[in-house]
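Listed in Swiss-Prot for this protein:
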ACT_SITE  CYS164  active site
ACT_SITE  HIS322  active site
ACT_SITE  ASN355  active site
Amino acid sequence: MALVNHRENVKGRAQILAIGTANPKNCFRQVDYPDYYFRVTKSDHLIDLKAKFKRMCEKSMIEKRYMHVNEEILEQNPSMNHGGEKMVSSLDVRLDMEIMEIPKLAAEAATKAMDEWGQPKSRITHLVFHSTLGTVMPGVDYELIKLLGLNPSVKRFMLYHLGCYGGGTVLRLAKDLAENNPGSRVLVLCCEMMPSGFHGPPSLQHAHLDILTGHAIFGDGAGAVIVGCVDPSGGTNGVVERGVRRYEQPLFEIHSAYQTVLPDSKDAVGGRLREAGLIYYLSKRLSNDVSGKIDECCLAEAFSAAIKDNFEDWNSLFWIVHPAGRPILDKLDAKLGLNKEKLRASRNVLRDYGNMWSSSVLFVLDEMRKGSIAQRKTTTGEGFEWGVLLGFGPGVTVETVVLRSVPTAKLK
């Protein structure tokens, strides 16, 4: 493919300089989760529904997930256990839990990213944070300033309620901030924790079974990256002097970023915050909407800006795709004609963590980087120079981020 040569402008491109992730301590094996879920919600009498849920979990391609809500929490807060037509008011309990725990998990991921970055925290100039839940004023961004010991004059951007595409949104915003504020370093965070989304199973007669689908795939997690524009003339050899790394080490370059709404897809996925918590809707058509429209509506537009001529070989890219679920990944594979290994990083994250909403693509980004190094690939993009990050969620809104890898030989 013929790519626009922009090496002379690389100083102005935003780069991902470090990545950190974190999960709650409670790990649930997928094979055990149906028995656990129906037991703690006192729903073992729903035999047919439990069998249906077991089949969902078996087909999910997930092996384990991490969640804050455990049996002890449910025993202390029985109002969270009800499902279907028996849901009761429990929003206060759920929000209080999220307001308390989301900042802690986000701070853990941020600390890992800053440790890898190796620079003084005083260099952080901007903070971008997203969480679908846990709304409070002042927000989690305010709490993170205190928890991380950041300068109180750090410029903060707080985003709520975006859902699964939020991981792409924060990167797009961070790119604009880094490239338009010389010398800036942007701490970017997504943290998703689902106390508001935990409900007991509905009855078979109840029409809304989407909650059951969510319980088969959703997990909690936080991802953090640091974004800035590094002058390549300064080198990237990671020399450490007096405990401070002299040079930063870019992992990926954020070449461009786009947001698109897929046509006629508003009802494919969404949610409403009710007195009983978050009630979400997951249409069976979601996988078809995403796989059927994403190439024409998103990929073609995004890569037309970076590629001079028509481009058809999607296998010449590395792929960082939101692991929304097995059906979406399978259909995207088939629609784009991708080789089997192309969505390896996304499938690995789905297997080990489930769908962590907006945080997921940051986990996939980390998996891509680590897997490339472990397999001795020549670049952080599995040996490929160019790649794409896709986040999608309610709308259906799609964030398309064009990335450029760096040679793994530069990483020490």
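A Cβ is built for glycine as well, from the same backbone N, Cα and C atoms used for every other residue.
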Rounded inter-Cα distance in Å - HIS322 (active site), ASN355 (active site):
8
Report, as a single number, how many Cβ atoms besides its own are within 10 Å of the Cβ of HIS322 (active site).
32
C-beta crowding around CYS164 (active site), within 10 angstroms:
27
Give the distance between the Cα atoms of CYS164 (active site) and ASN355 (active site), rounded to the nearest whole Å.
9
